[in-house]
(Lines of atoms letter the chains of each structure in order from A and count residues from 1; the text may use other names and numbers.)
(Lines give C-alpha, C1' and ligand atoms only; values in the text may rest on other atoms or scores of the structure.)
Protein backbone atom coordinates (compact mmCIF):
# COMPACT_ATOMS: atom_id res chain seq x y z
CA UNK A 1 0.00 0.00 0.00
CA UNK A 2 2.82 2.37 0.83
CA UNK A 3 4.45 1.53 -2.49
CA UNK A 4 1.22 2.36 -4.33
CA UNK A 5 0.96 5.77 -2.71
CA UNK A 6 4.60 6.52 -3.50
CA UNK A 7 4.09 5.74 -7.20
CA UNK A 8 0.98 7.90 -7.31
CA UNK A 9 2.85 10.86 -5.74
CA UNK A 10 5.71 10.56 -8.24
CA UNK A 11 3.23 10.54 -11.14
CA UNK A 12 1.44 13.68 -9.89
CA UNK A 13 4.74 15.52 -9.45
CA UNK A 14 5.82 14.51 -12.96
CA UNK A 15 2.55 15.72 -14.46
CA UNK A 16 2.80 19.08 -12.69
CA UNK A 17 6.44 19.42 -13.78
CA UNK A 18 5.59 18.90 -17.44
CA UNK A 19 2.55 21.27 -17.28
CA UNK A 20 4.57 24.28 -16.06
CA UNK A 21 7.88 24.36 -17.97
CA UNK A 22 10.63 26.65 -16.81
CA UNK A 23 11.22 29.84 -18.88
CA UNK A 24 14.83 28.91 -19.45
CA UNK A 25 13.77 25.72 -21.19
CA UNK A 26 11.22 27.33 -23.60
CA UNK A 27 11.87 27.19 -27.33
CA UNK A 28 11.93 30.99 -27.69
CA UNK A 29 14.52 31.36 -24.94
CA UNK A 30 16.64 28.55 -26.29
CA UNK A 31 16.50 30.06 -29.77
CA UNK A 32 17.40 33.55 -28.56
CA UNK A 33 20.21 32.21 -26.43
CA UNK A 34 21.56 30.15 -29.30
CA UNK A 35 21.47 33.09 -31.75
CA UNK A 36 23.09 35.68 -29.50
CA UNK A 37 25.40 33.54 -27.40
CA UNK A 38 28.39 33.80 -29.74
CA UNK A 39 27.15 36.65 -31.93
CA UNK A 40 29.49 39.59 -32.61
CA UNK A 41 27.62 42.70 -33.67
CA UNK A 42 30.85 44.48 -34.60
CA UNK A 43 31.37 42.21 -37.62
CA UNK A 44 29.41 42.39 -40.87
CA UNK A 45 27.22 39.25 -40.84
CA UNK A 46 28.49 37.31 -43.88
CA UNK A 47 30.42 34.05 -44.16
CA UNK A 48 32.21 35.21 -47.28
CA UNK A 49 33.78 38.61 -46.59
CA UNK A 50 34.02 39.40 -50.33
CA UNK A 51 30.25 39.24 -50.65
CA UNK A 52 28.39 42.54 -50.16
CA UNK A 53 25.44 42.93 -47.81
CA UNK A 54 22.45 44.34 -49.68
CA UNK A 55 20.18 46.66 -47.71
CA UNK A 56 16.73 47.19 -49.22
CA UNK A 57 15.12 50.56 -48.52
CA UNK A 58 11.57 51.83 -48.72
CA UNK A 59 9.96 55.18 -47.98
CA UNK A 60 6.36 56.27 -47.51
CA UNK A 61 5.64 59.98 -46.94
CA UNK A 62 2.97 60.55 -44.31
CA UNK A 63 2.74 64.36 -44.02
CA UNK A 64 4.54 67.62 -44.74
CA UNK A 65 4.89 69.28 -41.34
CA UNK A 66 6.69 72.52 -42.19
CA UNK A 67 8.25 74.33 -45.14
CA UNK A 68 10.74 76.94 -43.96
CA UNK A 69 11.48 79.04 -47.04
CA UNK A 70 13.69 81.55 -45.25
CA UNK A 71 16.02 78.85 -43.86
CA UNK A 72 15.54 76.48 -46.83
CA UNK A 73 14.39 73.54 -44.70
CA UNK A 74 11.68 70.92 -45.16
CA UNK A 75 10.18 68.93 -42.30
CA UNK A 76 8.38 65.72 -43.24
CA UNK A 77 6.91 62.76 -41.41
CA UNK A 78 7.43 59.40 -43.10
CA UNK A 79 7.49 55.67 -42.59
CA UNK A 80 10.98 54.27 -43.18
CA UNK A 81 11.83 50.59 -43.76
CA UNK A 82 15.15 48.77 -43.91
CA UNK A 83 15.52 45.10 -44.78
CA UNK A 84 18.77 43.13 -44.94
CA UNK A 85 19.97 39.56 -44.49
CA UNK A 86 22.04 38.44 -41.50
CA UNK A 87 23.63 35.07 -42.23
CA UNK A 88 24.45 34.56 -38.56
CA UNK A 89 20.83 34.83 -37.41
CA UNK A 90 19.21 31.91 -39.24
CA UNK A 91 17.82 28.69 -37.73
CA UNK A 92 15.89 25.55 -38.46
CA UNK A 93 12.35 26.31 -37.34
CA UNK A 94 11.47 22.62 -36.93
CA UNK A 95 13.90 22.37 -34.03
CA UNK A 96 12.25 25.24 -32.16
CA UNK A 97 8.53 24.51 -32.23
CA UNK A 98 8.16 25.94 -35.78
CA UNK A 99 9.10 29.48 -34.71
CA UNK A 100 9.35 31.43 -37.98
CA UNK A 101 10.00 34.93 -36.64
CA UNK A 102 11.23 36.55 -33.46
CA UNK A 103 12.02 40.07 -32.24
CA UNK A 104 15.52 40.95 -31.12
CA UNK A 105 17.03 44.12 -29.64
CA UNK A 106 18.51 46.31 -32.34
CA UNK A 107 21.39 47.16 -30.03
CA UNK A 108 22.37 43.48 -29.83
CA UNK A 109 22.86 42.85 -33.57
CA UNK A 110 24.73 44.38 -36.48
CA UNK A 111 22.88 47.20 -38.29
CA UNK A 112 23.86 49.13 -41.42
CA UNK A 113 25.10 52.70 -41.01
CA UNK A 114 22.59 54.27 -43.40
CA UNK A 115 22.18 58.04 -43.14
CA UNK A 116 20.34 60.83 -44.99
CA UNK A 117 22.79 63.30 -46.48
CA UNK A 118 20.34 66.21 -46.32
CA UNK A 119 19.89 66.01 -42.54
CA UNK A 120 20.17 69.47 -40.92
CA UNK A 121 18.56 68.78 -37.55
CA UNK A 122 18.24 66.04 -34.98
CA UNK A 123 16.01 63.21 -36.12
CA UNK A 124 12.77 63.19 -34.18
CA UNK A 125 11.37 59.66 -34.12
CA UNK A 126 10.09 57.32 -31.43
CA UNK A 127 12.67 54.98 -29.99
CA UNK A 128 11.83 51.50 -31.29
CA UNK A 129 14.48 49.20 -29.82
CA UNK A 130 13.42 45.96 -31.54
CA UNK A 131 13.62 44.48 -35.01
CA UNK A 132 12.02 41.39 -36.50
CA UNK A 133 14.17 38.44 -37.63
CA UNK A 134 12.81 35.43 -39.55
CA UNK A 135 14.26 31.93 -39.76
CA UNK A 136 16.18 32.67 -42.98
CA UNK A 137 18.04 35.59 -41.35
CA UNK A 138 16.06 38.43 -42.95
CA UNK A 139 15.87 41.45 -40.63
CA UNK A 140 13.10 44.05 -40.88
CA UNK A 141 13.66 47.43 -39.27
CA UNK A 142 10.50 49.53 -39.67
CA UNK A 143 10.04 52.87 -37.92
CA UNK A 144 8.36 56.27 -38.30
CA UNK A 145 10.72 59.23 -38.54
CA UNK A 146 10.53 63.00 -38.78
CA UNK A 147 13.14 64.34 -41.15
CA UNK A 148 14.30 67.97 -41.17
CA UNK A 149 16.26 68.20 -44.40
CA UNK A 150 17.88 70.92 -46.46
CA UNK A 151 16.01 71.71 -49.66
CA UNK A 152 16.33 74.33 -52.38
CA UNK A 153 12.87 75.88 -52.09
CA UNK A 154 11.77 78.02 -55.03
CA UNK A 155 9.00 80.52 -54.28
CA UNK A 156 9.03 82.33 -57.63
CA UNK A 157 5.60 80.96 -58.59
CA UNK A 158 4.03 81.35 -55.11
CA UNK A 159 1.24 80.41 -54.35
CA UNK A 160 1.24 78.04 -57.36
CA UNK A 161 4.69 76.66 -56.59
CA UNK A 162 5.87 73.05 -56.78
CA UNK A 163 8.78 71.94 -54.60
CA UNK A 164 11.13 69.05 -55.32
CA UNK A 165 13.17 67.97 -52.30
CA UNK A 166 15.57 65.06 -52.34
CA UNK A 167 16.46 62.58 -49.59
CA UNK A 168 19.69 60.70 -50.34
CA UNK A 169 20.41 57.48 -48.43
CA UNK A 170 23.86 55.91 -48.33
CA UNK A 171 26.31 54.25 -45.98
CA UNK A 172 28.53 56.70 -44.20
CA UNK A 173 31.54 54.35 -44.05
CA UNK A 174 31.07 51.16 -46.09
CA UNK A 175 31.70 51.22 -49.81
CA UNK A 176 29.59 49.41 -52.38
CA UNK A 177 31.87 46.36 -52.06
CA UNK A 178 30.65 45.98 -48.45
CA UNK A 179 27.13 47.45 -48.42
CA UNK A 180 24.96 47.73 -51.48
CA UNK A 181 21.50 49.29 -51.62
CA UNK A 182 18.31 48.20 -53.34
CA UNK A 183 14.61 48.96 -53.54
CA UNK A 184 12.24 47.02 -51.33
CA UNK A 185 9.32 47.75 -53.67
CA UNK A 186 8.93 48.50 -57.33
CA UNK A 187 9.89 52.09 -58.17
CA UNK A 188 6.51 52.74 -59.79
CA UNK A 189 4.75 51.61 -56.62
CA UNK A 190 6.88 53.96 -54.53
CA UNK A 191 6.20 56.88 -56.88
CA UNK A 192 2.41 56.50 -56.86
CA UNK A 193 1.94 55.52 -53.21
CA UNK A 194 -0.21 58.29 -51.67
CA UNK A 195 -2.50 56.23 -49.49
CA UNK A 196 -1.13 57.31 -46.13
CA UNK A 197 -0.51 60.97 -47.02
CA UNK A 198 -2.60 63.57 -45.17
CA UNK A 199 -4.26 65.64 -47.90
CA UNK A 200 -5.89 68.11 -45.49
CA UNK A 201 -2.65 70.06 -45.04
CA UNK A 202 -1.34 72.99 -47.06
CA UNK A 203 0.67 70.72 -49.34
CA UNK A 204 -0.33 68.02 -51.78
CA UNK A 205 1.92 65.06 -52.55
CA UNK A 206 2.45 64.62 -56.29
CA UNK A 207 5.00 61.81 -56.43
CA UNK A 208 8.03 60.23 -54.79
CA UNK A 209 10.49 59.32 -57.51
CA UNK A 210 13.50 57.16 -56.69
CA UNK A 211 16.84 56.54 -58.39
CA UNK A 212 19.88 54.37 -57.70
CA UNK A 213 23.40 55.42 -58.52
CA UNK A 214 26.96 54.98 -57.30
CA UNK A 215 28.80 58.02 -56.01
CA UNK A 216 32.49 57.99 -56.77
CA UNK A 217 34.90 59.69 -54.40
CA UNK A 218 38.49 59.52 -53.26
CA UNK A 219 37.44 57.27 -50.36
CA UNK A 220 35.77 54.77 -52.69
CA UNK A 221 32.50 54.11 -54.47
CA UNK A 222 29.34 54.39 -52.39
CA UNK A 223 25.89 53.13 -53.30
CA UNK A 224 23.17 55.76 -53.03
CA UNK A 225 19.40 55.79 -53.31
CA UNK A 226 17.73 59.15 -53.82
CA UNK A 227 14.05 59.76 -53.15
CA UNK A 228 12.66 62.97 -54.70
CA UNK A 229 9.60 64.16 -52.78
CA UNK A 230 7.55 66.34 -55.15
CA UNK A 231 4.88 68.43 -53.40
CA UNK A 232 2.56 71.18 -54.57
CA UNK A 233 1.07 74.00 -52.51
CA UNK A 234 -2.72 74.26 -52.29
CA UNK A 235 -3.23 77.85 -53.55
CA UNK A 236 -6.91 78.40 -52.71
CA UNK A 237 -6.36 80.05 -49.32
CA UNK A 238 -3.77 82.47 -50.73
CA UNK A 239 -5.88 83.27 -53.79
CA UNK A 240 -8.80 84.21 -51.54
CA UNK A 241 -6.75 86.22 -49.03
CA UNK A 242 -4.17 87.86 -51.33
CA UNK A 243 -5.03 87.89 -55.01
CA UNK A 244 -8.79 88.46 -55.02
CA UNK A 245 -8.69 91.57 -52.73
CA UNK A 246 -5.94 93.06 -54.91
CA UNK A 247 -7.96 92.40 -58.05
CA UNK A 248 -11.04 93.99 -56.47
CA UNK A 249 -9.09 97.14 -55.56
CA UNK A 250 -7.72 97.40 -59.08
CA UNK A 251 -11.24 97.06 -60.51
CA UNK A 252 -12.46 99.81 -58.17
CA UNK A 253 -9.64 102.03 -59.41
CA UNK A 254 -10.66 101.30 -63.00
CA UNK A 255 -14.22 102.31 -62.13
CA UNK A 256 -12.99 105.69 -60.91
CA UNK A 257 -12.10 106.62 -64.49
CA UNK A 258 -15.82 107.00 -65.21
CA UNK A 259 -15.92 110.02 -62.90
CA UNK A 260 -15.57 113.38 -64.74
CA UNK A 261 -11.95 114.54 -65.01
CA UNK A 262 -12.86 117.92 -63.45
CA UNK A 263 -14.41 116.25 -60.39
CA UNK A 264 -12.29 116.76 -57.28
CA UNK A 265 -13.89 113.73 -55.65
CA UNK A 266 -12.05 111.63 -58.21
CA UNK A 267 -8.70 112.45 -56.64
CA UNK A 268 -10.06 111.82 -53.14
CA UNK A 269 -11.47 108.49 -54.30
CA UNK A 270 -8.20 107.36 -55.90
CA UNK A 271 -6.25 108.48 -52.84
CA UNK A 272 -8.48 106.38 -50.58
CA UNK A 273 -7.99 103.37 -52.86
CA UNK A 274 -4.21 103.80 -52.75
CA UNK A 275 -4.16 104.15 -48.96
CA UNK A 276 -6.42 101.12 -48.58
CA UNK A 277 -4.17 99.05 -50.83
CA UNK A 278 -1.10 100.11 -48.86
CA UNK A 279 -2.71 99.08 -45.56
CA UNK A 280 -3.77 95.76 -47.11
CA UNK A 281 -0.26 95.13 -48.37
CA UNK A 282 1.30 95.82 -44.96
CA UNK A 283 -1.16 93.56 -43.15
CA UNK A 284 -0.63 90.68 -45.58
CA UNK A 285 3.16 90.92 -45.77
CA UNK A 286 3.61 88.01 -43.36
CA UNK A 287 1.55 85.72 -45.59
CA UNK A 288 4.08 85.90 -48.43
CA UNK A 289 7.20 83.73 -47.92
CA UNK A 290 10.48 85.60 -47.99
CA UNK A 291 13.45 84.19 -49.82
CA UNK A 292 16.81 85.85 -50.30
CA UNK A 293 17.40 83.97 -53.53
CA UNK A 294 14.63 85.42 -55.68
CA UNK A 295 11.57 87.62 -55.64
CA UNK A 296 8.25 85.86 -56.03
CA UNK A 297 5.82 86.74 -58.79
CA UNK A 298 3.19 87.75 -56.26
CA UNK A 299 5.61 90.31 -54.81
CA UNK A 300 6.08 91.75 -58.29
CA UNK A 301 2.29 91.68 -58.68
CA UNK A 302 1.78 93.75 -55.53
CA UNK A 303 4.48 96.24 -56.51
CA UNK A 304 3.15 96.73 -60.03
CA UNK A 305 -0.42 97.11 -58.74
CA UNK A 306 0.70 99.85 -56.35
CA UNK A 307 2.69 101.53 -59.14
CA UNK A 308 -0.40 101.49 -61.38
CA UNK A 309 -2.49 103.03 -58.60
CA UNK A 310 0.09 105.79 -58.11
CA UNK A 311 0.20 106.36 -61.88
CA UNK A 312 -3.58 106.58 -62.03
CA UNK A 313 -3.67 109.11 -59.19
CA UNK A 314 -0.87 111.18 -60.75
CA UNK A 315 -2.71 111.30 -64.07
CA UNK A 316 -5.87 112.58 -62.41
CA UNK A 317 -3.90 115.24 -60.51
CA UNK A 318 -2.28 116.46 -63.73
CA UNK A 319 -5.65 116.67 -65.50
CA UNK A 320 -7.15 118.73 -62.69
CA UNK A 321 -4.08 120.97 -62.64
CA UNK A 322 -4.25 121.66 -66.38
CA UNK A 323 -7.97 122.37 -66.21
CA UNK A 324 -7.81 124.85 -63.33
CA UNK A 325 -4.73 126.62 -64.66
CA UNK A 326 -6.53 127.29 -67.94
CA UNK A 327 -9.65 128.43 -66.11
CA UNK A 328 -7.66 130.79 -63.88
CA UNK A 329 -5.85 132.38 -66.82
CA UNK A 330 -9.09 132.91 -68.74
CA UNK A 331 -10.83 134.44 -65.74
CA UNK A 332 -8.17 137.14 -65.39
CA UNK A 333 -8.77 138.51 -68.89
CA UNK A 334 -12.32 139.94 -68.51
CA UNK A 335 -11.32 141.67 -65.27
CA UNK A 336 -8.45 143.38 -67.02
CA UNK A 337 -10.74 144.44 -69.89
CA UNK A 338 -13.36 145.75 -67.49
CA UNK A 339 -10.76 147.72 -65.56
CA UNK A 340 -9.39 149.18 -68.77
CA UNK A 341 -12.84 150.39 -69.96
CA UNK A 342 -13.55 152.06 -66.64
CA UNK A 343 -10.27 153.96 -66.71
CA UNK A 344 -10.95 155.13 -70.25
CA UNK A 345 -14.41 156.39 -69.36
CA UNK A 346 -13.11 158.25 -66.34
CA UNK A 347 -10.41 159.96 -68.36
CA UNK A 348 -12.89 160.80 -71.06
CA UNK A 349 -15.26 162.41 -68.57
CA UNK A 350 -12.41 164.25 -66.90
CA UNK A 351 -11.23 165.79 -70.15
CA UNK A 352 -14.71 166.68 -71.25
CA UNK A 353 -15.79 168.41 -68.05
CA UNK A 354 -13.49 171.50 -68.14
CA UNK A 355 -14.16 172.18 -71.78
CA UNK A 356 -17.92 172.23 -71.22
CA UNK A 357 -17.59 174.74 -68.42
CA UNK A 358 -15.59 177.16 -70.56
CA UNK A 359 -17.58 177.15 -73.82
CA UNK A 360 -21.19 176.47 -73.02
CA UNK A 361 -23.83 178.58 -71.32
CA UNK A 362 -25.67 177.57 -68.16
CA UNK A 363 -28.88 176.92 -70.07
CA UNK A 364 -27.18 174.53 -72.45
CA UNK A 365 -25.47 172.82 -69.56
CA UNK A 366 -28.84 172.05 -68.02
CA UNK A 367 -29.92 170.25 -71.22
CA UNK A 368 -26.49 168.55 -71.51
CA UNK A 369 -26.57 166.89 -68.11
CA UNK A 370 -29.14 164.23 -69.05
CA UNK A 371 -27.32 163.62 -72.30
CA UNK A 372 -24.03 163.06 -70.49
CA UNK A 373 -25.77 160.74 -68.04
CA UNK A 374 -27.15 158.67 -70.90
CA UNK A 375 -23.75 158.52 -72.48
CA UNK A 376 -22.22 157.35 -69.24
CA UNK A 377 -24.95 154.78 -68.89
CA UNK A 378 -24.35 153.70 -72.46
CA UNK A 379 -20.64 153.32 -71.81
CA UNK A 380 -21.40 151.24 -68.75
CA UNK A 381 -23.73 149.02 -70.77
CA UNK A 382 -21.04 148.57 -73.40
CA UNK A 383 -18.55 147.61 -70.73
CA UNK A 384 -20.95 145.10 -69.22
CA UNK A 385 -21.73 143.72 -72.67
CA UNK A 386 -18.05 143.34 -73.45
CA UNK A 387 -17.47 141.70 -70.11
CA UNK A 388 -20.31 139.22 -70.61
CA UNK A 389 -19.18 138.50 -74.13
CA UNK A 390 -15.67 137.89 -72.88
CA UNK A 391 -17.01 135.62 -70.17
CA UNK A 392 -18.97 133.69 -72.79
CA UNK A 393 -15.83 133.29 -74.81
CA UNK A 394 -13.95 132.12 -71.73
CA UNK A 395 -16.70 129.67 -70.89
CA UNK A 396 -16.71 128.40 -74.47
CA UNK A 397 -12.95 127.93 -74.35
CA UNK A 398 -13.30 126.18 -71.00
CA UNK A 399 -15.88 123.82 -72.46
CA UNK A 400 -13.61 123.14 -75.41
CA UNK A 401 -10.63 122.60 -73.11
CA UNK A 402 -12.69 120.30 -70.91
CA UNK A 403 -13.71 118.29 -73.98
CA UNK A 404 -10.05 117.99 -74.96
CA UNK A 405 -9.18 116.82 -71.45
CA UNK A 406 -12.02 114.28 -71.55
CA UNK A 407 -10.67 112.83 -74.80
CA UNK A 408 -7.17 112.82 -73.36
CA UNK A 409 -8.48 111.12 -70.22
CA UNK A 410 -10.16 108.43 -72.31
CA UNK A 411 -6.92 107.90 -74.22
CA UNK A 412 -4.96 107.52 -70.99
CA UNK A 413 -7.62 105.17 -69.64
CA UNK A 414 -7.29 102.93 -72.69
CA UNK A 415 -3.52 102.95 -72.41
CA UNK A 416 -3.82 102.18 -68.68
CA UNK A 417 -6.26 99.36 -69.41
CA UNK A 418 -4.01 97.92 -72.12
CA UNK A 419 -0.98 97.97 -69.81
CA UNK A 420 -2.97 96.34 -67.02
CA UNK A 421 -4.32 93.67 -69.37
CA UNK A 422 -0.88 92.93 -70.82
CA UNK A 423 0.59 92.68 -67.34
CA UNK A 424 -2.20 90.33 -66.22
CA UNK A 425 -1.71 88.03 -69.22
CA UNK A 426 2.07 87.98 -68.70
CA UNK A 427 1.76 87.24 -64.99
CA UNK A 428 -0.77 84.44 -65.52
CA UNK A 429 1.42 82.92 -68.24
CA UNK A 430 4.46 82.96 -65.97
CA UNK A 431 2.46 81.40 -63.15
CA UNK A 432 1.15 78.67 -65.44
CA UNK A 433 4.61 78.01 -66.89
CA UNK A 434 6.40 77.79 -63.55
CA UNK A 435 3.69 75.69 -61.94
CA UNK A 436 4.23 73.00 -64.59
CA UNK A 437 8.01 72.89 -64.23
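Placement of Cβ uses the backbone N, Cα and C atoms for every residue, glycine included.
It should be emphasised that the depicted structure is a prediction, and the values quoted were computed from it without experimental measurement.
Less than 8 angstroms from the CB of residue 165 (disulfide bond) sit 74, 118, 149, 151, 152, 153, 228, 229, 231, each of them six or more residues away in the same chain. Summarising the annotation, Swiss-Prot assigns disulfide bond to 151-165.
The N-linked glycosylation site annotation in Swiss-Prot covers 25 (among others).
The number of other Cβ atoms within 10 Å of the Cβ belonging to residue 92 (N-linked glycosylation site), over all protein chains shown, comes to 7. Look at Swiss-Prot and you will find 92 (among others) tagged as N-linked glycosylation site, backed by sequence analysis.
Positions annotated as N-linked glycosylation site by Swiss-Prot, on the basis of sequence analysis: 134 (among others). Annotation note: residue 134 (N-linked glycosylation site) sits in a strand segment as assigned by DSSP.
Under the heading region 'HA-stretch', Swiss-Prot lists 377-409, citing similarity to another entry as support.
Here Swiss-Prot flags 1-21 as signal peptide.
Summarising the annotation, Swiss-Prot assigns topological domain 'Extracellular' to 22-235 (among others) and lists similarity to another entry as the type of evidence.
Taken from Swiss-Prot, the feature topological domain 'Cytoplasmic' applies to 256-266 (among others), supported by similarity to another entry. Sequence-distant contacts of the topological domain 'Cytoplasmic' (256-266) (same chain, six or more residues past either end, CB-CB distance under 8 Å): 273, 312, 316, 319-320, 323, 402, 405-406, 409, 413, 416.
The topological domain 'Extracellular' annotation in Swiss-Prot covers 285-295 (among others). Sequence-remote contacts of a segment are chain residues at least 6 beyond its ends whose Cβ falls under 8 Å from one of its Cβ atoms, and for the topological domain 'Extracellular' (285-295) they are 69-70, 153-156, 158, 238, 241-242.
Among the features that Swiss-Prot reports, topological domain 'Cytoplasmic' is placed at 325-410 (among others), with the record citing similarity to another entry. The average per-residue pLDDT of the prediction over the topological domain 'Cytoplasmic' (325-410) is 59, rounded to a whole number.
Long-range neighbours of the transmembrane segment (236-255) within the same chain, counting only residues 6 or more positions beyond its ends whose Cβ lies under 8 Å from a Cβ of the stretch, are 158-159, 202, 270, 273, 276-277, 280, 284, 287-288, 298, 301-302, 305, 308-309, 312, 416-417, 420. According to Swiss-Prot, the transmembrane segment annotation covers 236-255 (among others).
Swiss-Prot lists 267-284 (among others) with the feature transmembrane segment. With a cut-off of 8 Å between Cβ atoms, the residues of this chain six or more beyond the transmembrane segment (267-284) that come close are 241-242, 245-246, 249, 252-253, 256, 259, 302, 305-306, 309-310, 312-313, 316-317, 320.
The feature transmembrane segment is assigned by Swiss-Prot to 296-324 (among others), with sequence analysis given as support.
If you look up Swiss-Prot, you'll see 411-434 (among others) marked as transmembrane segment. Below 8 angstroms of C-beta separation, residues 156-157, 160-161, 250, 254, 257, 297, 300-301, 304, 308, 311-312, 315 of the same chain, each at least six residues beyond the ends of the transmembrane segment (411-434), sit close to that stretch.
Under 8 Å from some Cβ of the transmembrane segment (296-324) lie the Cβ atoms of residues 155-159, 238, 242-243, 246, 249-250, 253, 256-257, 261-262, 264, 266-267, 270-271, 273-274, 277-278, 281, 288-289, 401-402, 405, 408-409, 412, 416, 419-420, 423, 427, 430-431, 434, all in the same chain and six or more residues away from its ends. Sequence-distant neighbours of residue 134 (N-linked glycosylation site) (same chain, six or more apart, CB under 8 Å from its CB) are 100, 101, listed in sequence order.
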